[in-house]
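Input: a single structure, listed below in structure tokens.
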Amino acid sequence: MRLLGRILKTTSALWPYYLGIIVISIVIAALSLLSPFILREATNSIVAAVTGEVTVDSVTRTIVFLSIALFVASLLSTVMTNIGGYIGDVMASRMRQILATRYYAKLLALPQKYFDNQVTGTIIARLDRSINGITQFMQSFSNNFFPMLITMVAVLIISAAYYWPLAILLAMLFPIYMWLTALTSKRWQKYEGEKNHEIDVANGRFAEVVGQVKVVKSFVAETRELSDFGGRYGKTVAITKPQSSWWHRMDTLRGAALNIIFLAIHLLIFYRTLHGYFTIGDMVMLIQLVTMAQQPVYMMSYIVDAAQRAIAGSRDYFEVMAQPIEPTANKELVDATSASDTPRVSLASATPLPAGEPAMEFNNVTFAYEEGKPVISGVSITARHGERIALVGESGGGKSTLVNLLLGLYKPNSGNLSVCGIDVTDLTSEELRASVGVVFQDASLFSGSIAENIAYGRPGASREEIIAVAKKANAHEFISAFPEGYETVVGERGLKLSGGQKQRVSVARAMLKDAPLLVLDEATSALDTKSEQAVQAGLEQLMENRTTLMIAHRLSTIAGVDTIVTIQNGQVDEIGSPADLAVSGGIYSELLRLTNSTAEADRKRLRAFGFTGDAPVEEED
């Protein structure tokens, strides 16, 4: 019942549907209860005619009238049942809309830290299982429980009017059934949780493998992945056997207990009819009422099974919904986590902050992903408008962490961070991220068209604006070569494009966003020389008149920056111009020396900083 209350509270906007189902249920129950009384009258009339108490002609009209009444009641019951079914179907669809939209809004509003510990496929699997379980239960509950409850109460009242011990026996059915079900549920839930875990892991891996099928094939790992996937589902079969055995053994016990009570009820009805306390018509009516009571009790097995699955699935749903959101999340997004309909959100592009000074400033910033293990400590970096800054340091030294902080994906544990002269704690996530353009090492594209991907940051951009930035990003030529041009669908994650092509689309996307602050997170490190040159030409256009923070993999890329910041063990080691640091004896001057060395130890040391002296193999555009 706690689950039911929680669902009803979450979907309170559906109260007209709930009310409609209750009204329909009352009507259906009332129509169903007419049949036993009609049959009683028909039976008594026929018996009277057969025994000669009345003539056949005198009851014929009554029998015809009762037959028509039975037909009308049955027809109306069928109509009302289908109306109720329609309302239940629409209610389930609306409930699925509400729950799915809230879940999606919640995920979008959660901090990055939540996703660091999740597998994409698992998140999707939990959403699907949770919402299907909840909606199926509510649909089953609404379509069956209320008619069942109303019918049972009416049968008890009518039975008590005829013979109160009969009503007591009927009243024992539900408590006994629910008590035996409660004994069953705890172990069943444990098994269901174990199955859900295996399914979540399998589906999570499935999504990963499909998304990286090229890697799987290149390492000839298809059979290994299939074996693991099949093994997970094999475990669910192994778990299902004792789970199902336990459930059905207990269901047999429940059925036996109920049948003993029904045996007592039938014996009581037959005995009192035999001794003249009930007429034949009364007996027929009471047996039909008992049969009507019997159906809801057995229907409880189906409802309880749906409830068990809903409880097991809803835990994951409500666990996600209880997660704390980003403190600076968009208010419309936060409101959507409790929306009762399609969220009404502004589709206008977020407006970047005006270029203020300093354009970017880390002031004694310390941050740790895990408490007590700081990744960066006491970092202070200041950038003026239009300045280009390069971060240099060993892999894992904290460079990408600074980018994550700048994007507001995490908050500093101590110190201050400001963008365009405003402390990030005074900005919403939308204001901050609208002011920072990013070109990542892995150019993540969506499965739509090239034009849609370029305009992702500004959906309302005109075709002329899209083409203009594509030309600046050195992408227009290859885009125009496609038969569909800018309407070419790039495939999931842009798989139909080469690495260089994807990166140039990514540069055009950042260019169209037109943020005052730009982050280049090893934007050309995965490209061959030819592609890098094409992308670098676009990046030069992109960096023009913007403050740029770059993490680079080649010294030639950072030779023209205004300032180099070297990071060592999560702390700033040196800050200065390339010319100054070249002779300082620090990390940058060491990198210059290592680049000209052919010794294997020096090459290894160079790779530790993410730099190589070798040009990558060229790929075809």
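If you go along the chain as it appears here, the first residue is 1 and each next one adds 1.
Every residue, even glycine, has its Cβ placed from backbone N, Cα and C.
Per TrEMBL, the feature transmembrane segment maps to 12-34 (among others). Tertiary neighbourhood of the transmembrane segment (12-34): same-chain residues 69-70, 73-74, 76-77, 80-81, 83-84, 87-88, 90-91, 94-95, 98, 142-143, 146-147, 150-151, 154-155, 158, 289, 292, 340-341, selected by CB-CB distance under 8 Å and a gap of 6+ residues from either end.
TrEMBL lists 19-309 with the feature domain 'ABC transmembrane type-1'.
Per TrEMBL, the feature transmembrane segment maps to 63-87 (among others).
Among the features that TrEMBL reports, transmembrane segment is placed at 145-162 (among others).
Below 8 angstroms of C-beta separation, residues 152, 155-156, 159, 246-247, 250-251, 253-254, 257-258, 261, 264-265, 268, 290, 293, 297, 300, 304, 308 of the same chain, each at least six residues beyond the ends of the transmembrane segment (168-185), sit close to that stretch. The feature transmembrane segment is assigned by TrEMBL to 168-185 (among others).
If you look up TrEMBL, you'll see 253-271 (among others) marked as transmembrane segment.
TrEMBL lists 360-594 with the feature domain 'ABC transporter'.
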Restricting attention to the domain 'ABC transporter' (360-594), give the mean pLDDT.
84
